[in-house]
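K.L.:
This is the feature table in TrEMBL:
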SITE      R20  site 'Transition state stabilizer'
SITE      K27  site 'Transition state stabilizer'
SITE      R161  site 'Positions MEP for the nucleophilic attack'
SITE      K217  site 'Positions MEP for the nucleophilic attack'
Amino acid sequence: MSCALPDFWVVIPAAGVGSRMRADRPKQYLPLGGRCIIEHTLDCFLDHPGLRGLVVSLADADPYWPDLACARDERVQRAAGGRERCDSVLNGLRRLGELGAQDQDWVLVHDAARPNLTREDLNTLLAELGDDAVGGLLGVPARDTLKRVGPDGRVLETVDRSVIWQAYTPQMFRLGLLRDALERALHSGVNVTDEASALEWAGLAPRMVEGRADNLKVTRPEDLLWLQQRWQAKTPDNR
Ligand SMILES: Nc1ccn([C@@H]2O[C@H](COP(=O)(O)OP(=O)(O)OP(=O)(O)O)[C@@H](O)[C@H]2O)c(=O)n1
Ligand SMILES: C[C@](O)(CO)[C@H](O)COP(=O)(O)O
């Protein structure tokens, strides 16, 4: 692990509709602790001394974004959202190139709907991967006993959980490597649900870095309820 943390760029895919959340607006704009989820997400990066620039990929005519203070922050630039998360990420990576990012630069991709990333986890990722040839991602080891279940709802077997991890974000790769891998994977019709899967498809092995389990993505209503309770318990000192 190197001591000096590398500088980095950030892409925040924020063009999803949040269908599993079933709310009246995309989940990144739902309230959490008096602000929107996406504002908390951006905070963790905007305060960081290593940040070189940040791009948010947004849906066309997004009516919520212009009302946020961060929309007027000159460090925050926009890119077009795409049909799938990976299309939004790719647009964000191309926008970084227009802003002067080089292929060798590190890029962190982080879900707009993952507002509970700590500075400690972010710095752990940067420190662990700063000298890595491929890059990698934050994740957490599977906690519960895992079962493979058949279409009839009956358990087929218990899976070895010691080799199973949940993929989180940020995911950290060199701009050129990630952009090229994503472009080629999408061109081949591969289903790419995170950045690491594009690199895996290209034959590379991203490194898994253990992070906090509470860096969760708001996916379903109960995720937001859990985070809201946690936010209520926060004081200015333990945020
Ligand atoms: N076309 C898309 C789809 C998703 N995202 C973003 O990718 C992140 C993680 O995706 P997910 O949880 O799947 O978000 P949604 O697609 O909004 O949710 P759902 O699948 O429930 O509709 C979110 O911050 C979301 O805004 C995006 O930028 N562009
Ligand atoms: C990248 C990601 O956060 C990995 O957990 C992600 O957004 C995956 O999307 P999913 O469809 O909710 O798994």
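Just so you know, glycine gets a Cβ as well, placed from its N, Cα and C.
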K.L.:
Filter the candidate list R20, K27, R161, K217 of recorded sites, keeping only entries whose CB is under 6 Å from an atom of ligand 2.
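P.N.:
Only K217 meet the Cβ criterion.
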K.L.:
May I ask for the distance between K27 (site 'Transition state stabilizer') and R161 (site 'Positions MEP for the nucleophilic attack'), taken between their Cα atoms and rounded to an integer number of Å?
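P.N.:
Between the alpha carbons of K27 (site 'Transition state stabilizer') and R161 (site 'Positions MEP for the nucleophilic attack') there are 31 Å.
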K.L.:
If you count Cβ atoms within 10 Å of each one, which of the recorded sites R20, K27, R161, K217 comes out on top?
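P.N.:
Checking each of R20, K27, R161, K217, the winner is K27.
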K.L.:
How far is it from K217 (site 'Positions MEP for the nucleophilic attack') to R161 (site 'Positions MEP for the nucleophilic attack'), counting Cα to Cα, in Å?
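P.N.:
Roughly 21 Å, rounded to the nearest whole number.
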K.L.:
Cα-Cα separation of R161 (site 'Positions MEP for the nucleophilic attack') and R20 (site 'Transition state stabilizer'), in Å?
P.N.:
26
